[in-house]
Amino acid sequence: MTFTAAPPLAGSIAVPGDKSISHRSLMLSALAVGESRIEGLLEGEDVLATAAAMRAMGADIGRDDGGIWHVHGVGVGGLLQPQTALEMGNSGTSTRLLMGLIASHAITATFTGDASLSKRPMARVTEPLSRMGASFTASPGERLPLTMRGLCPAVPLDYRLPVASAQVKSAILLAGLNAPGVTRIVEPIPTRDHSERMLRGFGAELNVETQSDGTRIITLRGEAELRPQSIMVPGDPSSAAFPIVAALLVPGSRITIMNVGLNATRAGLIELLRAMGGDILIENPREVGGEPVGDLIVGASSLKGIEPDPALAPSMIDEYPVAFIAAALAEGRSVFRGLEELRVKESDRLTTMAEGLRAIGVTVEELEDGVVIEGSGGALLAGGGPIATKLDHRIAMSFAVAGLVSRSGVTIDDMRPVATSFPGFTALLRSLGAMA
Ligand SMILES: O=C(O)C1=C[C@@H](OP(=O)(O)O)[C@@H](O)[C@H](O)C1
Ligand SMILES: C=C(OP(=O)(O)O)C(=O)O
């Protein structure tokens, strides 16, 4: 598919539900006794993989004609032995969080995934979960396919996170839910806190203490009883990132994006783009279902190159690919560092982005832990392709945005991965006036 230079983007849109919150809504609802109700669930392939796995372990999950999801849970400790392998597709979050859930149940499960997921490291979760008593037989390099056996009762863990990862933190918390006693996690660099908020919302006894240096200490009392909830999932800021950058870059644009999640642990991209000179207004700030939300008004802007603080990384980890596109149109050089984690996402996002940017005429240097990008100062990019997306939805959507500010268009080799996190992406861009 080819995305070509767009006229000014205009209109009001909403993006699909938050992927991180959607996964957690299904998992926690499946552990509550009684019926939970989820509105705004992301119906992307990654979340549907989580739904299928929770069904395979005993939860009753359905969707009504109004698009509301209803989950009848089995109770903490009540998950059943799945009869077939759990097929995780492209989804790292499903895989790692479900490993945590299973770790404290006496069940055996096999995890499989697509070619991208099968390359991603799992030691970061199998190591702490082994200390809680689970056992793993993984493919070489501690990768999928992998079979695990949980232990009940599991051993509660006291653990300092060696990597800034909400997936690792959440896997341990989910395992701790069914372990007798207190699970304690020391998080030196804060990451998205949806698990903590939602666990508390479901009635778990969870405490967070923030120390003067920013380290968070999270304690969770196990053998919790979760109460069913009615959940409203806000729009995904990681999906909103694409129309935000598109509207900043396409001259003359002005758009509104309604109901975007603005949790501070996720809002790093907005901070970065504003520091580059981006015109982004937040209207109607409010709280929905325990999460801060607002409407964004984004106007075309002349951006300046930047050297962002690497400490921003966890709060915009999935947004770097599209931030690199913004940098490619900015005035001057941008230097991004401290991003080694991008090498273990759906693709190696530093290499994939550097190769793709070069293919469309951008001067870019790849570093061990980042990239240096020379901006065009607002001039259209040359364009080209086909861009190799390597089963990575965020690469596909980032280069689609680049196509809207290119002379000859940008061709994407495969748009199918977009369905993992952002069904309707191309139609939504078209509704704003973009050309695809
Ligand atoms: O917990 C989550 O929902 C996620 C955490 C992040 O991964 P890491 O924990 O590996 O950084 C992020 O990249 C992913 O898209 C979703
Ligand atoms: C890294 C991502 O997801 P996951 O780890 O769930 O595959 C992402 O959505 O960018």
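The backbone N, Cα and C atoms fix where each Cβ goes, glycine too.
Just so you know, TrEMBL annotations are computer predictions that nobody has curated.
Among Arg63, Arg120, Arg192, Arg197, only Arg120 appears in TrEMBL as part of the phosphoenolpyruvate site alongside Lys19, Gly92, Gln167, Arg349, Arg394. Least crowded of the binding-site residues (Ser20, Ser165), judged by neighbouring Cβ atoms within 10 Å of its own Cβ: Ser165. For Gln167 (3-phosphoshikimate binding site) paired with Gly92 (phosphoenolpyruvate binding site), the C-alpha to C-alpha distance reads 8 Å. In this structure, the CA atom of Lys19 (3-phosphoshikimate binding site) is 12 Å away from the CA atom of Gly92 (phosphoenolpyruvate binding site). On the 0 to 100 pLDDT scale, the domain 'Enolpyruvate transferase' (8-426) averages 98 in the predicted structure. Of all the binding-site residues in the record (Gly92, Arg120, Arg349, Arg394), the one with the smallest CA separation from Ser165 (3-phosphoshikimate binding site) is Gly92.
For the pair Arg394 (phosphoenolpyruvate binding site) and Asp318 (3-phosphoshikimate binding site), the Cα-Cα distance reads 8 Å.
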